[in-house]
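Chemist: Have a look at this one before I ask anything.
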Amino acid sequence: MNSRTAPRAPIVVLASGTGTLLAAILRRSQDPASSFQIAAVVVDRDCGAVQIARDAGVPVVTCALADHPDRAAWDRDLAAQVSSFAPQWIVTAGFMKILGPAMLAGFAQRIVNSHPALLPAFPGAHGVADALAYGVKVTGCTVHLVDDGVDTGPILAQGTVEVYPDDTVDSLHERIKTLERDLLPDVVEAVVTRGVVTDGRKAHLK
Ligand SMILES: Nc1nc2c(c(=O)[nH]1)N[C@@H](CN(C=O)c1ccc(C(=O)N[C@@H](CCC(=O)O)C(=O)O)cc1)CN2
Ligand SMILES: NCC(=O)N[C@@H]1O[C@H](COP(=O)([O-])[O-])[C@@H](O)[C@H]1O
């Protein structure tokens, strides 16, 4: 049985949804061979991710936009809360808020997001519905670095999913999530252990 002696890199996961991507990252972190640990889960609303974190004994912080006077104050508070856990990397796993200047300055090039479409196609909060409505035959997911745009950051990995004629948003999204639950933990392990080289728009795992 591999038993790590090296300290595990702390990461913070941001979530807003059912939390199945968080659960996948959590499972990977609990593998004796993994190189990272989840120091905290930060949510912007009450959601399924909260109970998943609590059941695993992971600290949960809620930072809701409605609890702040404006978006900039929310962004600053979010950055302060995340910083308090001294993470090496941040992962947005179904986090449904666009991060602002405070978060991006505080963690430049250290935020990884998983998006349920093949970027640059179908960015935004409704990527699966937009791809289905467009009539694409193939879609998928994209794991990328987060920048000041919306889903415009350098791409680290992608996976493809065939679209079936009878697909609904839910059936297609579930197949995409199945892909993400493998790809995102793989990328997290890779960025923690190998790091990332960026060259303009392009990014490569070392
Ligand atoms: N600065 C960035 N922040 C975030 C990015 C990013 O690429 N740059 N990715 C998102 C995740 N995401 C897509 O993968 C995404 C999530 C939400 C939205 C959005 O339009 N949110 C609205 C509110 C929607 C809601 O509350 O339901 C908003 O923030 O006003 C776009 C893309 C994580 N953050
Ligand atoms: N644009 C952001 C976005 O749509 N993110 C998507 O939210 C889902 C979260 O699933 P989960 O709540 O089951 O982990 C994932 O499919 C992720 O790609």
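The backbone N, Cα and C atoms fix where each Cβ goes, and this holds for glycine too.
Curation does not apply to TrEMBL; its annotations are automatic.
Taken from TrEMBL, the feature active site, proton donor applies to His115. Marked as (6R)-10-formyltetrahydrofolate binding site by TrEMBL: Arg71, Met96, Lys97, Ile98, Leu99, Asn113. Sequence annotations record features per position, and here TrEMBL assigns domain 'Formyl transferase N-terminal' to 11-188. Annotated site 'Raises pKa of active site His' per TrEMBL: Asp151, in sequence order.
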Chemist: Could you check which of the recorded positions Arg71, Ile98, Leu99, Asp151 have their CB within less than 6 A of ligand 1?
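Modeler: List returned for ligand 1: Ile98, Leu99, Asp151.
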Chemist: For ligand 2, list the recorded positions among Asn113, His115, Asp151 whose CB atom is within a distance below 6 Å of it, in sequence order.
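Modeler: Correct list: His115.
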Chemist: Pairwise over Arg71, Met96, Lys97, Ile98, Leu99, Asn113, annotated as binding (6R)-10-formyltetrahydrofolate, what's the top Cα to Cα distance to the nearest Å?
Modeler: 20
Chemist: Given the binding-site residues Met96, Ile98, Leu99, and counting only Cβ atoms in the protein chains shown, which has the most within 10 Å of its Cβ?
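Modeler: Result of the Cβ crowding comparison: Leu99.
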Chemist: Which of the three DSSP states, helix, strand or coil, fits Ile98 ((6R)-10-formyltetrahydrofolate binding site)?
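Modeler: Going by the DSSP assignment, Ile98 ((6R)-10-formyltetrahydrofolate binding site) belongs to neither helix nor strand, so it counts as coil.
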Chemist: Just to verify a number: CA distance, Arg71 ((6R)-10-formyltetrahydrofolate binding site) to Asp151 (site 'Raises pKa of active site His'), in angstrom, no decimals.
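Modeler: With the alpha carbons as reference points, the distance is 19 Å.
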Chemist: Can you grab the distance from Asn113 ((6R)-10-formyltetrahydrofolate binding site) over to Asp151 (site 'Raises pKa of active site His')? Cα atoms, rounded to a whole Å.
Modeler: 8
Chemist: Relative to the Cβ position of Lys97 ((6R)-10-formyltetrahydrofolate binding site), how many further Cβ atoms are located within 10 Å?
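Modeler: The answer is 19 other Cβ atoms.
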Chemist: Where Lys97 ((6R)-10-formyltetrahydrofolate binding site) and Asp151 (site 'Raises pKa of active site His') are concerned, what is their Cα separation in Å, rounded?
Modeler: 12
Chemist: Mind checking which of Arg71, His115 has the fewest other CB atoms within 10 A of its CB? They're the recorded positions.
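Modeler: Comparing Cβ neighbour counts within 10 Å for the recorded positions Arg71, His115 gives Arg71.
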Chemist: Measuring CB to CB from Asp151 (site 'Raises pKa of active site His'), give everything in the same chain under 8 Å that is also at least six residues away in sequence.
Modeler: Asn113, His115, Leu119, Pro120, Pro123, Gly124, Gly127, Thr142, His144
